[in-house]
Amino acid sequence: MASHSDTLVVFFGATAGANGGKLGSDEREIILLVWQIVDLHEKKVGKLQRCLVKPDTLELTDQCKEETGLTLDEVVKAEPLDKVLQQFQQSVSSELKCLGRSTYTLCVNSPLVIRQALHPEASKKNLVLPECFFSFVDVRKEFHKCCPNAGPCFKHMLPVRVNLFTTEKTEHCFGTSGSNNAFNDAILFLFLDHKFSSVETVKYKFDSGTCSKTEPVDSETVIRARGLPWQSSDQDIARFFKGLSIAKGGVALCLNAQGRRNGEALVRFVNSEHRDLALERHKHHMGSRYIEVYKATGEEFLKIAGGTSNEVAQFLSKENQVIIRMRGLPFTATPQEVLSFLGPESPVTDGAEGLLFVKYPDGRPTGDAFVLFSCEEYAQNALKKHKQILGKRYIELFRSTAAEVQQVLNRYMSTPLISTLPPSPIVSTRDCVRLRGLPYTAGIEDILEFMGEHTVDIKPHGVHMVLNQQGRPSGDAFIQMKSSDKAFMVAQKCHKKTMKDRYVEVFQCSTEEMSIVLMGGTLNRSGLSPPPCKLPSYAAFPTPPAILSEAALYQPPLLAAPRPPQTTTHSPAHTLAYYPPHPHLYMNMNMNYTAYYPSPPVSPSTVSYFAAPPGAVAAAVAAQPHPAAAASPVLPQHGALVRMQGLPYNTGVKDILSFFQGYQVEGLCCCCSCVCGCGCGCGWVWVCV
């Protein structure tokens, strides 16, 4: 439409809720549309057209009733929005034909009716709006430009706005009775002599793109959306903000530490005006979920969406492409295998060039890949392959965005596998090895067989299986060797050897790294994270193993030192059983490794794993004299820390105290709240005895 024509269509609307400056902020539906044609050549206005609209939710607020004078009975008899929009097109086309005109300019006294009411509602109802609603002139802005000192009359803008909510006829000339002549002159000047300086537009679709970390981003243009469905894409978010102009590549989905979407996104708009309108959509709905909208900063946006990788820039250089993320690919998957998996019904743009495999800094695959498709149809066909099998693994497929590609690549390429520990005066000894990729059914015997001739170089009680939070094997294990040289040799000779049809990776690591994991910390792609449990001062984490003696580091798996006898009122049936130190409890290379290699799930390497013996054995041991026990206790200090795992979820404090009957329990720390933070009853507990 031309920036200035002889014919204007002045357009207004009202919703079932807030109107005026808050129009559209409460997500209420449109109930009234009013329009009128203005013939600038003849200096006349056409007939005032007024149509009621029937909303899906038949409810009017008191404010709406007061401002519009409408009742619910009137609205119920009206036509739905799609029918009223058809009437609008037919009416305008008919009047233009009578005037001998073919084009017109849509004018509004506020962009809210277009941006905050009409477009969002049409998007939710899957209505296709006429082309005229994608460009318009904001008469308030134009009037303010030509008459900056207009003062209070600025609020009233157009004389033709009088009696919009009534059925009375307006005068078919500029001005109405009682209008100020000076004001009418200003309106005439605006319409007849003033060229519209800017025609505002509404984007038909969101433009994806990339963002450089060096690109300046104004903090007044960025918002954070929270509560998004995990499967939502950038197009879904753009649809939520329909009517507002999002900058190219301005949607950045946020990921959690595991690389999965966390339900948040940062959105960058073209200017602060559109950002302010976006904030008015706080707690509007996307499907059945309400979305929270808050202010954010340009720095936050660049942290998520910014990138410097040339590989990513080249991959995303093809415009108007639909991006799909694949997760869970076999590490040995080739581009041809991925193309075959997607099939001929989902042709990838430029074949293998349309695939981007995500890798670690050392070149190892992560199991993630991004795929480009030239149209929505091909992408939909690909998404039908969700959770189908490639090799021996099922593959997950999701819609993705350019910002997510940047974020995933940044995450994997910018951080080492095991992060550097904080500086410490203690010299780290790399006398351990980490085994990764173990079969989940692998046991101690399998690890010893895998180690082969290097088994003799394992320290006593030096095999530690790492379990996940559910108590299942994680596929990782740590082994303590007798020296750094032995650990280096194992890493060189056993790396990528096969165990039960799987190759196992072997890396040399330090005792500190191993201890952090075994103390309950995590070893993920972002590095080592310390244990999240904040224990009391008397139950602090033990001193790093590097400064402890070997005897203190690798204690036998049973409690070797009795506590002083405690006065108890329990019956004789609950006689305390002590476990004295015996020389045969210390492992030697001819013993059964399965029985004497303790593998407590993520258990501290500096604290023994105390197991409770059967009642008969406990009573028998308690009856034996142990003269040497008090002379050489293994744990002489007070406040020894014990970790229990595998407790029934309904275990109470009384059950734990009964389990440690006869010992002086100084404190308990239940990990259902302090370790996993979810309060879900994980079956872990710390006990200070």
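Numbering starts at 1 and runs along the chain as displayed.
Cβ atoms are placed via backbone N, Cα and C, with glycine included.
In TrEMBL, annotation is done automatically, which means it is predicted and not curated.
As written in TrEMBL, here are the features:
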DOMAIN    222-294  domain 'RRM'
DOMAIN    323-398  domain 'RRM'
DOMAIN    432-507  domain 'RRM'
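In the predicted model, the domain 'RRM' (432-507) has a mean pLDDT of 89. Taking DSSP states H, G and I as helix and E and B as strand, the domain 'RRM' (222-294) has 15 helix, 33 strand, 25 coil. Here the domain 'RRM' (323-398) is broken down by DSSP into helix, strand and coil counts: 20 helix, 28 strand, 28 coil. Per DSSP, the domain 'RRM' (432-507) is made up of 25 helix, 33 strand, 18 coil.
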